[in-house]
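Novice: Okay, here's the structure, questions in a sec.
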Amino acid sequence: MSTSAETELENSAPTEPVSRAGRGTQLAMLFLRGRTLIVLIVLVIMFSLISGDYLTTSNLLLMSKHVSITGLMAIGVTFVILTGGIDLSVGSVAGLAGMIAGGLLYEGLKLPGGDTLWFSTVMVIALAILAGAVVGLINGLLVTKLKVAPFIATLGVLYAARGLADLRSNGATFPNLAGSPARHNTGFSTLGIKSWLGVPVAIWIMVLVAAVAVLITTRTPFGRRVYAVGGNERAAELAGIRTSRVKIAAYVISGACAALAGLILTSELGAAYPDTATTYELNAIAAAVLGGTSLTGGKGTIIGTIVGALVIGFLSDGLVLVGVSSFWQLVVKGTVIVLAVVMEQTQERVKTRMTT
């Protein structure tokens, strides 16, 4: 598309109308805008009062490492939701990536002649992430070319990817991912277990990916197109944006991020399980929604998503620390997601009231 058309589209966005609301309405709007950060602060204070072990450095680092897995998935999902789509397959993609890496590290690649081909750890990681990107590409093609609804397309891929993870080992586990120095495939544990400068490597990876994602969404033409497609796809098309390409790219990013998260989780577990990251897609979507990403597309930030992931992670670990059963944890998470959507809708109503 032409640069002038893009500029015209960006400049055509409505400016913020002058507020005519009273002080009470303005305070309500201020609270709603910062609701996720407020919830995070309240959670930290509440659980630290309940348990003296909650706010220790070791526990904070452990919780942050868990958050990195959800955060990476949520970053990818945010790209998709910003375009007006949804990706339910990220949990299964994470599991599939873990099984691909686990199989290559544990037994290599069996060749027809009976020989075994071994890959270096870096190559194993690259192949697993590439597999995730390919699954994302399939999602994107289903949505854009075959016109399958994103919910249905990614739900189908969710089951297919999980089935492929089972087929990779016939439902068995790859128990030893240590590798061998002779095969140059050691060091996989670095992703999920090792630390650098006292901080888990997993956290550094999430911070790096988040920083790149922030730059993409705020400083690049592609980022502007993502928001344009989600905000008004028809207007984006008229401005010359190839909306299908933008959507496909978003799904590819989501698949790659999910695969990276799956590798970190598999590394942390020390073994590759076919059911790894089951239901993690719910945490990823919840993190994005809690962070202010609108399910209708066109609105949201990567920073908000990371804060949402912190809320999900700190809430989950806090509930475990105080002895809440796993069943009630699901109830609490579901309630939090519903409340997040309700508060988003409330924010829109308050915003409308302020401008009328």
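Glycine is treated like the rest: Cβ placed from N, Cα and C.
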Novice: Looking at the candidate ranges 302-321, 322-341, report the one that TrEMBL labels transmembrane segment.
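Specialist: Checking TrEMBL against the ranges 302-321, 322-341, the transmembrane segment one is 302-321.
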Novice: At an 8 Å Cβ cut-off, counting only pairs 6 or more apart in sequence, do the transmembrane segment (196-216) and the transmembrane segment (88-106) clear the bar of 3 or more pairs?
Specialist: no
Novice: Which sequence positions outside the transmembrane segment (248-265), separated from its termini by at least 6 residues, show Cβ-Cβ distances below 8 Å to it?
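Specialist: Residues packing against the transmembrane segment (248-265) from afar: 68-70, 72-73, 75-77, 79-80, 82-83, 85, 87, 89-91, 93-98, 101, 125, 128-129, 131-137, 139-141, 143-144, 191-192, 202, 205, 209, 222, 226, 276-277, 280, 284.
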Novice: Within the same chain, where does the transmembrane segment (118-141) have neighbours whose Cβ lies under 8 angstroms from its own Cβ atoms, ignoring anything closer than 6 residues to its ends? I mean 6 or more beyond.
Specialist: 76, 87, 89, 93-94, 96-98, 100-101, 104-105, 108-109, 150, 153-154, 157, 161, 179, 183-188, 191, 247-260, 262-263
Novice: Excluding the flanking five residues on each side, which residues at least 6 beyond the ends of the transmembrane segment (62-81) place their CB within less than 8 Å of a CB in that stretch?
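Specialist: Contacts of the transmembrane segment (62-81) (Cβ under 8 Å, skipping residues fewer than 6 from its ends): 87, 90-91, 94, 136, 150, 192, 200, 202-203, 205-206, 209-210, 213, 217, 226, 230, 247, 249-251, 253-258, 260-261, 264-265, 268, 277, 280-281, 283-285, 287-288, 291, 293-295, 297, 300, 302, 305-306, 308-310, 312-314, 316-317.
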